[in-house]
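Read through the structure below, which is laid out as structure tokens, and then see the notes.
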Amino acid sequence: MPELVVRHLGLVEYQPTLESMRQLTRERDERTADEIWLLQHPKVFTQGQAGKAEHLLAPGDIPVVQVERGGQVTYHGPGQLVAYLMLDLRRLDLGVRELVTAMEQSLVDLLASYGIEAAPKADAPGVYVAGDKIASLGLRVSRGCSFHGLALNVDMDMTPFLRINPCGYAGLKMVQMRDLLPSPPAFDEVSQRLEQALRARLGYA
């Protein structure tokens, strides 16, 4: 099994992290270890390849960054757990759809460990609780290698989601783990559990 490096990076600025992710993907070869980065970002909107300006309703003072991942606009901020997956899909013998499924199921597994019943939707990537979106996915594949990843709402200020049509869906309600649990979850514990779930679903456990 190829090596997997997992980095818990804490709160890091979006743009330098994006550049580091691009650089790793650009410079890697068949011997480069796969990496998963688990982190938080300061407030930022990111607009995917399919992103339409009309879904940015009122960004205000929050910066907007155009990126090469799939999907529409989303929001990142403190208290949201972001996982970036830099994986050699050919080496893992994984298709993009299989990777998306593994990511979604990892989130379902993680949330189930907290007693939260969540599920993916066939027509809208991400993970949902009773129709409300708790996690978003957006990937890019270059030369058979993935980058970008997923974002799970843990314990955060949700109001910036009201400034956009999340993922291009007007009126889509976003939800977070804190709202579904008797007490706020420990962020570091959620991060560790997501690492374990991703390792298991990707065959690294």
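All positions are counted from 1 along the displayed chain.
Every residue gets a Cβ built from N, Cα and C, even glycine.
The shown structure was predicted, so the numbers you read here are calculated from the model rather than taken from an experiment.
Annotated domain 'BPL/LPL catalytic' per Swiss-Prot: 30-205, in sequence order.
In the three-state DSSP assignment, the secondary structure recorded for Arg69 (substrate binding site) is coil. Using a 10 Å Cβ-Cβ cutoff, Arg69 (substrate binding site) registers 19 neighbours. Look at Swiss-Prot and you will find Arg69, Gly70, Gly71, Gln72, Val73, Thr74, Tyr75, His76, Ser136, Leu137, Gly138, Gly149, Leu150, Ala151 tagged as substrate binding site.
Taking Cβ-Cβ distances under 8 Å and a sequence gap of 6 or more within the same chain, the neighbours of Lys133 (site 'Lowers pKa of active site Cys') are Gly126, Val127, Pro166, Cys167, Leu172, Lys173, Met174, Val175. The site 'Lowers pKa of active site Cys' annotation in Swiss-Prot covers Lys133.
Taken from Swiss-Prot, the feature active site, acyl-thioester intermediate covers Cys167. For the recorded site, Cys167 (active site, acyl-thioester intermediate), the DSSP three-state label reads helix.
In the shown protein chains, 22 other C-beta atoms lie within 10 A of the C-beta of Cys167 (active site, acyl-thioester intermediate). Comment: substrate site residues Arg69, Gly70, Gly71, Gln72, Val73, Thr74, Tyr75, His76, Ser136, Leu137, Gly138, Gly149, Leu150, Ala151; largest CA to CA distance 16 Å, whole number. Counting only residues at least six positions away in the same chain, the Cβ atoms of Val82, Ala83, Leu85, Met103, Leu107, Ala135, Ser136, Leu137, Gly138 sit under 8 Å from the Cβ of Leu150 (substrate binding site). Following the DSSP three-state reduction, the secondary structure of Ser136 (substrate binding site) is strand.
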